[in-house]
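TrEMBL lists 229-238 with the feature compositional bias 'Acidic residues'. For 246-262, the entry in TrEMBL reads compositional bias 'Basic and acidic residues'. Annotation source TrEMBL lists domain 'ABC transmembrane type-1' at 1-182, 576-852. Taken from TrEMBL, the feature domain 'ABC transporter' applies to 254-478, 890-1140. The region 'Disordered' annotation in TrEMBL covers 229-262. What TrEMBL lists as transmembrane segment is 12-34, 40-63, 119-146, 161-187, 577-598, 610-636, 683-704, 710-729, 801-834.
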Amino acid sequence: MSTTDLNRIEMGVAFHGVLYAFPVTIALCLGQLIKNVGPISLIGCAYFLFAITMNLFAFAYVFRFRIEANKKTDKRIGLIREIANSLKIIKFYAWEDAYYDNISKRRNEEVSQLGKMQAYISIVIAYGILTPTVASMIVFVCLYGIKGGLKSAANTFSSLAIFQVLSAIVFLLPQAFSTGLTAYVAFKRVQEFLLSEEVDPETLKAIPCENIENSIEVRDCSFEWGEESVADNDEENDSSSTSNEKNSKDKKNKKNDNGNERHEIKIKSSFKGLQNLTFDIKKGEFVIITGPIGSGKSSLLYALSRLMTKTSGELRSTGDLLLNGQPWIQNTTFKNNITFGTAFDKKKYDTVVHACALTGDLEVLESAENTEIGERGVTLSGGQKQRLSLARTCYKEADIYLFDDVLSAVDAHVGKHIMDNCLLKLLNGKTRLLATHQLNLIEHADKIIFLNSDLTYEIGTLDELLTKSLDFKKLMENFADNDFNGKNENNEKKHTKEKIEKISILEKKDTLDVTSIESSFDEKEYELAQKEQEERKKGRIMIKEERAFNSIGLKLYHDYFVYGGGKKFWPVAVSGASFSQILNTFCILFTTVWLSYWSEKRFKHKTDGFYIGIYVLFSFSSMITTFLSSIILFMICLNASKKLHNAAAKNILHVPMSYIDTTPIGTIINRFSKDIDILDNELPMNFIFSLNQGFTIFGILIMAIIYLPWFAIAVPFLIFVFITIIDIYQTTGREVKRLESVQRSFVVNNFQEVMSGLDTISMFKMEEMFVYKNDFTTDKQNEATIVFQGLQAWSTIWIMLLAVCFTIMVCIMCVCGVFSIGAAATGVLLNYIIELSSGLRNLLRETTELENFMNSTERVANYADELKQEGTYKDQATDPGDQWPSHPSIKFDGVCMRYRKNLPLILKNLTFEVQAGEKIGICGKTGCGKSSTVASLFRITEIEQGRIIIDGIDISKLGLYNLRKKISIIPQESILFKTTIRSNLDPFNNYSDDELWETLVNSGAIEADELEKVKKQKFPEDAETAHKFHLYRQVEEDGKNFSLGEKQLLGLSRAVVKKSKVLVLDEATSSVDYETDAKIQRKIKENFGKDTTILTIAHRLKTIIDYDKVLVLDAGEVKEFDKPYTLFKQKDSIFRGLCEKAKIMDSDFENL
């Protein structure tokens, strides 16, 4: 909407003057025709109006097809946006083909509607251009039938000139109606958005608490989210490719395996909401909100922030309130992300940076606080994003702070630093609510809100909840069993344990496991810092959008027509369109010439019927040739647009991740929205009108030379001056237009950024700042647009002056009798020479717009032909077969890897070997190369030296698909796509429903004893009550209707369904609660047996101390590689030091 629709409105406004001028022109011309020819001219005008009416009916069909095409366009662009945001996950799972098929499918649906629309437009163009010719023909034939002959040459050709005036406006009518209807559709969409229900500011205003000692008062409140979608058949298969007949049949019948009809409707969210809440939070209290996954911890914070719909009850709060939810990072400097539009206070800034453990990060960044953070925070790890977002919240003064799991992605040392220096010290005296699954923090809480899985809740102190809540006791018992070991407890953990012991919950003593080894600067940050070293020296990470500076070359036109007509047949297609247009020009010009022959009875022995027959024949021939030329060009352009789009989409799917990380999403979206829209709609019309105007002017000049041979002397001068004007205009206009395209990308980027951070912007009350930023970027774009329009006005004045000079010259030559030409011939010549002015002006406009529109072709062609690609995707010659790896051993042999040639090595002679079926934990300090090892294993980044061998095969010899489909990964944060759960698990439709149901059971998403009940639930009938992990439940954008823990269960399901012999866990449980962590670890052991090799990047060290071996990395080199206990017994080992920091003792190994 922010790109394509607004562009269509802009184009529609540019042509709206034609629609206003049309009735006035008709009235004036009609009056003059009646004066020249008499009332008979009304017959021609009646036909003229009839033809226009028929065109309007035709445009009703065009309008219908445009609406359908817009729907398809929205789906396609939404999918492109999703791919750009989630490409790394797509690469990990080797889903490129599935998503390419999905894009192609949506594009084909869109092109189908566009093809129908353009067929009607071709008819309208042909009929519109012919209408004045047919109207004049009817008038003159009727005049002959009634009066027995034509009037004088003066009356005849002056009337013909009037019809040509009508022809000029009718020539623009198809384009005006087309752009007008398109703009109307776009306007209605924008209008619907602007008139949609807005958030009532009154609902966001805080009502002060009745008790002055309270910060928050909740009285019998219930909250719920909005609606979510249930996918229809098309949506369910959007990410799928039909690889067998069974799937095709299922799609045809629009049934799933259970016979459920697939629809897309709006239902209430599957999360039943928060019900009947009543509690008070006193000023200055520190409240912890905890509970199992999906219990509503985050929802409660959003409810208190008034970002969740309150259905009943009364919510009161005193003072300013801030919510720190999902981390949102701007594409600006480190400092600006923290200050976020507020005044810079050095002392306060330094205090906040220290409290949020960001001091170490600034020391590593070469430009320190002035380093630009890439779009979406691509230069930051998950933990650093959280801390930067936390710093922004703390820098802003407020009375109440709500934090949503802000310590989930940091290690114990950093977490303790933030707890002590930020939450307890910096914000001391403020009301703080922290939603978390880290139960070791509960000791600090003044009050605890425990949310149960059944949506009930308990509130009280730790002692009170241990006494009255059985579910809370069980949760604490599980926590204590997993994380206590009675020897080296610090005071706060010991105090918590003692409280539990007082009520006889536990008999066993354990030690709290603070087993995260991530420091304040994550390895991913280090690697990206190395990767973008040159840009950071200037404080910049994101690469500016490229902008060409040369004119559009013939090669681009050649490549465009090759895309449109094929390598072998494009000359035939282009020649056919050109020849049809030449015939059309000849027919139109000869029709007028023949009228002069008829007027002066050139062939004395021929009857009037002969003249009338030829006149009618050429009149209708011009319509046929116009239609042929239009439809051929439309088909060429639409085919070129389709192939360019698909080639560009395919290349985006296979582009190296470095390009995605350094390219703004708005730039990519701009390619597939505005640029493709120009290729689909504007460029075909422009080609048609450019050819029409070009050949018409050429024909007029030839005619003038035939009648006035001396005029040939002036033609070279005319051409020279015209080309000079074009060159001056296009040289400047080209760069202005390209600059406008780049500035438009800035507008889109800003819009995308704002849309992803609406909640943050709203909570910080920074709407005005972003409105100003939007106005600024829009003004910059408009500056280029206004300059371009000024250039158009300048060129129009000079072209009209040139044409007028030559028109006067021809008139003088005709009047002075330099050549012996008759009155009828003079009428023909003057009739067309007068058109030279508008013709040259239109030709200049059309050819210039053609070059400007070809700039969009150039931009899309850059994606289609020139984007750097990864290695070979599929290689049948080296395909190891379905059974590989049967013996999943892994060997790194002298592996060296860097992100760019001029950057230092990240992995340095990395050498180790993993035997088949071994479970290996990978750990080490920041920047040691853990994530780089995974990246090299999946060939996300290619190694520079050495070999990686899996089951005896060097993976560099394999196609990327052949490699990645055989190994699985569970990433730190599983990304879900906007489709069904089924398509999120199996986008290729390779598995049956029963297999996927079994996968959900094996991963723990669905309990085995409730499977049959869940399978009987139908969509959409049971959508509100269906299981959260029902196969056909629709996943909202970014998986917003699933909690973090639920997403990780689906991530585990993806790995389970692949049944890979090699599994990589990249801190897969770092951001989930202890219960979910234990559940995932248990399910991994159940589903991946001794024949599976597992590599785990450890966040909690206790999860890997029972592994076969531990690999300790440092600075990209192997420092230690042995059994965990063997390394632990070495007092000077790195692993021993890490274990001591995590409070892991001898007894932890003894209890394994």
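Going from the start of the chain as shown, residues are counted 1 onward.
Heads up, the Cβ atoms here are built off N, Cα and C, so glycines get one too.
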Residues sitting near the transmembrane segment (40-63): Cβ under 8 Å, six or more positions beyond its termini, same chain?
26, 30, 33-34, 116-117, 120-121, 123-124, 127-128, 131-132, 134-136, 138-139, 142-143, 146, 159, 163, 166, 170, 173-174, 177-178, 181, 184-185
Do at least three C-beta pairs under 8 angstroms join the transmembrane segment (801-834) to the transmembrane segment (12-34), pairs 6 or more apart in sequence?
no
Restricting to the same chain and to residues at least six past its boundaries, which positions have a Cβ under 8 Å from a Cβ of the transmembrane segment (577-598)?
133, 137, 140, 150, 153, 156-157, 160, 608, 611-612, 614-615, 618-619, 621-622, 625-626, 628-629, 632-633, 636, 691-692, 695-696, 698-700, 703, 822, 824-825, 827-828, 831-832
Residue numbers, six or more beyond the limits of the transmembrane segment (610-636), whose CB comes under 8 Å of its CB atoms:
115, 118-119, 121-123, 125-127, 129-130, 133-134, 137, 140-141, 144, 561, 564-565, 570, 573-574, 576-578, 580-581, 583-584, 587-588, 590-591, 594-595, 597-598, 603, 684, 687-688, 691-692
The domain 'ABC transporter' (254-478): mean pLDDT?
81
